[in-house]
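Undergrad: Please find one structure pasted underneath; my questions will follow.
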Amino acid sequence: MSYAYYDRLIAAFAADNGTLQRSSLTHSVIGMVQYFYYIYLTHADGIGPLPLWMHLFYLAHDTIWAYIMFQEAPKYDYHPYFTSMAKGLVVWSILEVYCIYRAIFYEREGLFSEHDTVKGKDDDDNNGKTKRHNKKPSKAMAYMHSFIVFFTFFCLVLTIIYMVGRESFPHWTLLTKILACTGAGGTWMQRGTRKGTRMSLALLSVVDAITCFWPYSRWVLVWPEVFDNPAYYLTGICCTLSSLFNVYVLTQLPKE
């Protein structure tokens, strides 16, 4: 069954009284603010809020969909939604490349960390840490691992688009929003401090979750028969609760 997603999208914008435009603009603005926040934090704190794998996934997703949106735009007389979204995805992709660059060469978490220490039980003289050498892979192996992860994400996005169709962009945006709202919480807990994030960013993720899954979100307004259902709203509730939990996590962490 075809829902003619893009035809319906253009028709909805043509008949819009302003609600759809405001909703769509809200999602895009929040997404762009989040990325500039990421870049600000990597410079201000020396570390960003997201783990490297999330940046790799977003780069794979955004580059593919930027290409598709540029291809779809001529089919719909260069409708502003397609042209603006294509350009926006290019900007997001560039920001992702920069975030990945900072994560690998400056932030140096995980495989790229300069320190190879693990918790020790009886080594109080070393602040509870025991030096263990030669446990981490070489930098070359870390680079190769990151490239393989990126390429796997790239193939995953391509494969699902191939199976589901080029009109699956609305569905993919839900996944990216869920990751943006929930994916960083574990990293914040693992770090044990607020360094690399801010309470305002966590609260912005709560707003993002609510506006993405409430009855006035852009996709519900355009395709209510697809997105206006209990599963969609249940996902929104879970996503909102997860982002609220991340806010709580930050209240329990020291600033440094």
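Backbone N, Cα and C define each Cβ position, glycine as well.
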Undergrad: If you look at how TrEMBL annotates this chain, which of 106-126, 169-189 comes out as transmembrane segment?
TA: 169-189
Undergrad: Need the matching range: TrEMBL marks transmembrane segment on one of 51-70, 231-250, and I'd like to know which.
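TA: The listed stretch tagged transmembrane segment in TrEMBL is 231-250.
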Undergrad: Give residue numbers and ranges for long-range contacts of the transmembrane segment (169-189): same chain, 6 or more residues beyond its ends, CB-CB under 8 A.
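TA: Sequence-remote neighbours of the transmembrane segment (169-189) are 5, 27, 31, 34, 49-51, 54, 57-58, 61, 65, 68-69, 157, 196-197, 205-206, 208-209, 212, 219, 222-223, 227, 235, 239-240, 242-243, 245-246, 249-250, 253.
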